[in-house]
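These notes are about the structure you will find just below.
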Amino acid sequence: MASVEEIRNAQRAKGPATILAIGTATPDHCVYQSDYADYYFRVTKSEHMTELKKKFNRICDKSMIKKRYIHLTEEMLEEHPNIGAYMAPSLNIRQEIITVEVPKLGKEAALKALKEWGQPKSKITHLVFCTTSGVEMPGADYKLANLLGLETSVRRVMLYHQGCYAGGTVLRTAKDLAENNAGARVLVVCSEITVVTFRGPSEDALDSLVGQALFGDGSAAVIVGSDPDVSIERPLFQLVSAAQTFIPNSAGAIAGNLREVGLTFHLWPNVPTLISENVEKCLTQAFDPLGISDWNSLFWIAHPGGPAILDAVEAKLNLDKKKLEATRHVLSEYGNMSSACVLFILDEMRKKSHKGEKATTGEGLDWGVLFGFGPGLTIETVVLHSIPMVTN
């Protein structure tokens, strides 16, 4: 008879969790930041608010965003005008849209990741799904499992309303699942659609206006597993360690409240300072065991909460400008997609490394860090180890 210890050892993988494939997807509808103020004030019937529109246009200009992809169209707003009002009861119709579209967009990213991975979907043992939108039972994880035709025995984890730090949360969760279940292959999906947060402008809610200028829709999927079979799987990044912390006395710094009017967004002006003053402590705790204290020796995947946050972190840590290039590129091309952002940046990082003929998937560097920042104020820190590039 096997002992409990023997059973536990047999259940565990030998090596670290590894990202084996990445897929991303966006809605078709694209909005350009240069004329978004005109579009936004027109579709919300707010063109009479001329001074506020000028202020919003300045916010858009400073956002460092070129374009975003958004599921919500002008035709949908014409059909459901309460969504475009500032504070009108609209949760029911928002839910009707989101509970269908969030899993559908997640499916698009998941299929791309599965195709890159190249293995039968029957080998997916676990599913981790994350979204800030559309709470229901059974959840988006159940819907996605059915849309993809996964095994009925797939072990599911559903994460709702985590917010912008959750790209780190899903990787931390997938790491624990992969390393504690030998042979596990974890499909991780983040799918975000801003139908739940879209609303018209108000003079009394400038933080809401900031959100309207920043957020975009997108989904990203990764497949995570330990002990990859390199004859049929292509490792991209190892997940070496993962930690979460929250900054004391900052519960309201980034917040969302689900109400009859949808999900309202609240933001303190000092969020960039709060994050930049606490990020080095997270780095030190994560990299001390590795003897690393030069933050410019790392490749960087940082959630792009907005340009002010990136600028503050860059200045506080004396980072070279090129360190946040991949992060700024994703912000520019897609906006802030909440939990999906860091997975988009991982994808950009490995593609950029391949195109630039770098030695590793981390722009030629061995070690990297992935940061998620969000409500709480919560910081997720994931230590990454890159993989030598395959040239064929």
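One-based numbering along the chain as shown.
Here the Cβ of each residue, glycine as well, is placed from N, Cα and C on the backbone.
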Binding-site annotation, Swiss-Prot, substrate: partner of K55, F56, N57, R58, G305, G306, P307 in L267, L343, L346: L267
Alpha-carbon spacing, G306 (substrate binding site) to C164 (active site), which is rounded to whole Å: 11
DSSP-derived class (H/G/I helix, E/B strand, else coil) of P307 (substrate binding site): helix
Tertiary neighbours of K55 (substrate binding site) (same chain, Cβ under 8 Å, six or more apart): L206, L209
Secondary structure at L267 (substrate binding site), reduced by DSSP to three states: strand
